[in-house]
Amino acid sequence: TDNKIVSKKTISLHQEDDVEESYNDIPPPPDGGYGWVIVVASFMCNMVVDGISYTFGIFLSEIVRDYGETKGKTAWVGSLLTGMCMCAGPLVGILANRFGCRATCIAGSLISTAAFTMSIYCPNVDWLMLIYGFIGGTGFGLIYLPAVVCVGYYFESKRSLATGIAVCGSGVGTFAFAPLATILLEAYGWRGANLILAGIIFNCVIFGALMRPLEYPGKSKLDTKILSINSEQSEIVQGPKKASSHSVLSNSFAESRRRADSTGSFLARNIMEAENAFTSKLSLASKKSNTVQPLARKDVFYSGSILNLKEFQSQKSLASYRHSVLNVSYVNNRGDRYQKFEKYPAISATTLICILLKYFTAENTYRRLLKDPIFLFVGFSNFFGMAALYVPFVYLVDCATADGIDTESASFLLSIIGITNTIGRIACGYLADFPQVNALFVNNVCLILAAISIGFMPFCHTYLAYATISIVFAIAVSGYISLTSIILVDLLGLNRLTDAFGLLIMFRGAAALIGSPLAGALYDATQSYTIPFFVAAALFGASAIISFMVPCVRACMPHERKLQNDEILTPINQRDMKT
């Protein structure tokens with residue numbers, strides 16, 4: 001019995017070494033080559049999704065007149081489109097990790113195309129909310145997240161440049177779609193314009209098809225090693241004579257479990273642990289694809305230069321850093337440090353709801369973040385900021401038109417915001433790459449600028465004034481949006497980026513759902529845009545105040561919590577495993 005227990009421990013260590021060696025088979029991001037095709041595809045997807053989302057305000061007045069509804073109610077159509085795009089993030093992440101960025105983006109393109117096409121037959125605003133807003137927004141989410149992830153998937157040392165180019169699609173889309181939407185609206189009405197936009201969205205099928213997954217070089221050694229490990233584990237139960245069939249091994253473990261129930265011995269408990277290990281490894285061995293999962297890296301959402309990460313600086317080499325940022329769990333029930341693939345296992349489509357529920361109830365994911373005061377302050381700051389963000393995009397054109405500015409010139413204000421936003425994102429990304437620049441402080445300054453610019457919008461009565469305020473607002477928005485992942489890493493650490501980013505996007509999505517309808521309801525009550533813009537400015541101001549409090553909250557945290565958030569990743573070849 002003692003010999004078998006020793007053999008079990010020896011095989012466990014050998015098992016860790018084999019899984020460690022399999023990391024060497026993981027292909028490094030190409031950092032160029034076909035990766036630039038991915039950047040172009042991501043740029044175009046961002047251009048289409050954000051270009052259409054940000055220009056909904058151009059159609060708002062026409063839809064209000066067509067259905068005879070209030071602006072507050074009709075604004076729910078556009079807010080559902082943008083809100084669902086973000087709220088669908090966790091579900092889209094699961095789908096992208098299971099089926100890949102290519103299939104997910106193509107599916108989202110088809111869903112959004114169908115939704116925009118069917119929206120022209122909606123008999124009332126309620127149906128338009130469901131078809132255009134809810135279904136169309138979900139489809140946009142299926143396009144948007146793969147476009148973001150795929151760039152980080154293909155780039156490592158050049159990721160800052162590649163991400164900067166890709167996200168510029170948002171500003172270019174706003175710049176291009178604002179005059180296009182105006183022309184289509186005047187020529188074909190909002191229904192005909194939506195039909196043409198559906199055709200434009202359909203082109204994202206092509207862009208999604210370009211998102212080719214990374215593959216292991218040649219035949220993966222991981223499956224062979226796993227099966228070898230499973231065979232060795234079976235010797236613990238059956239001795240040297242064993243059958244190689246998976247069914248026979250499963251039966252042997254079932255028999256061992258029955259013996260464990262009757263004896264309750266230490267050996268029996270080790271046998272059951274071996275069974276659990278077998279089941280886990282067998283699920284990996286049964287994977288049909290040798291592609292790398294899109295969310296297999298903890299830094300996939302990080303938009304800055306990895307050279308500034310303390311997690312990178314703590315490693316001996318780029319390969320060591322690459323191994324350390326795999327999405328893995330760190331601590332087992334004995335407190336040993338080890339790594340294994342278990343964060344994003346292969347799943348079937350029928351279990352998606354269960355997985356989502358698990359994400360919201362598991363102690364080590366969202367619930368732990370919701371108990372973190374730093375994340376809560378960042379989350380509420382983003383909630384207030386995002387509630388105000390879409391108010392100018394939806395109502396600025398109508399406000400300028402009411403001031404006597406012609407429709408084409410008023411629509412071009414969104415184009416000004418779009419092109420300035422593009423330049424601002426590049427500038428903010430460049431500044432954030434300097435280690436001495438505090439990304440959180442830059443974000444807070446941008447929030448103050450956003451509050452000031454929106455607060456002055458009711459006092460604008462000339463086109464020059466509107467254009468000037470639009471430029472200031474665009475600069476503020478560019479910093480607010482582009483620095484998100486860098487701030488999360490600075491405050492919470494790279495280990496928690498994926499979960500924190502996903503939950504923060506849900507905060508933003510919930511805020512985007514209520515921001516525009518609230519402003520519309522205030523307009524319906526006052527018949528003026530003064531109060532809606534003042535409320536939006538107050539929301540941005542509240543966001544800035546909360547964000548300025550984050551460093552104070554962090555300074556008051558216990559030292560142990562700071563160490564947890566600032567944990568430096570340990571390279572695989574430097575792990576200490578207890579024997």
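Every residue gets a Cβ built from N, Cα and C, even glycine.
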**Message:** Tell me which of 265-288, 409-432 corresponds to the transmembrane segment entry in TrEMBL.
**Reply:** 409-432
**Prompt:** Counting Cβ pairs under 8 Å to the transmembrane segment (409-432), which of 103-121, 374-397, 439-457 comes out on top?
**Reply:** 374-397
**Prompt:** Ranking 76-96, 161-185, 439-457, 501-523, 529-553 by Cβ pairs under 8 Å to the transmembrane segment (374-397), which is first?
**Reply:** 501-523
**Message:** Within this structure, do the transmembrane segment (127-154) and the transmembrane segment (76-96) have 3 or more Cβ pairs under 8 angstroms, counting pairs 6 or more apart in sequence?
**Reply:** yes
**Prompt:** Going through 103-121, 161-185, 439-457, 463-489, 501-523 one by one, which has the most CB pairs that fall under 8 Å from the transmembrane segment (34-56)?
**Reply:** 161-185
**Asked** Apart from its near flanks, which chain residues at least 6 from the ends of the transmembrane segment (103-121) lie with a Cβ under 8 angstroms of it?
**Response** 45, 92, 95-96, 128, 131-132, 135-136, 138-147, 191-192, 194-195, 197-199, 201-205, 207-209, 211
**Prompt:** What parts of the chain pack near the transmembrane segment (529-553), using Cβ distances under 8 Å and only residues at least 6 beyond its ends?
**Reply:** 373-374, 377-378, 380-385, 387-388, 391-392, 395, 398-399, 402, 440, 443-444, 447-448, 450-452, 454-455, 457-458, 491, 515, 518-520, 522-523
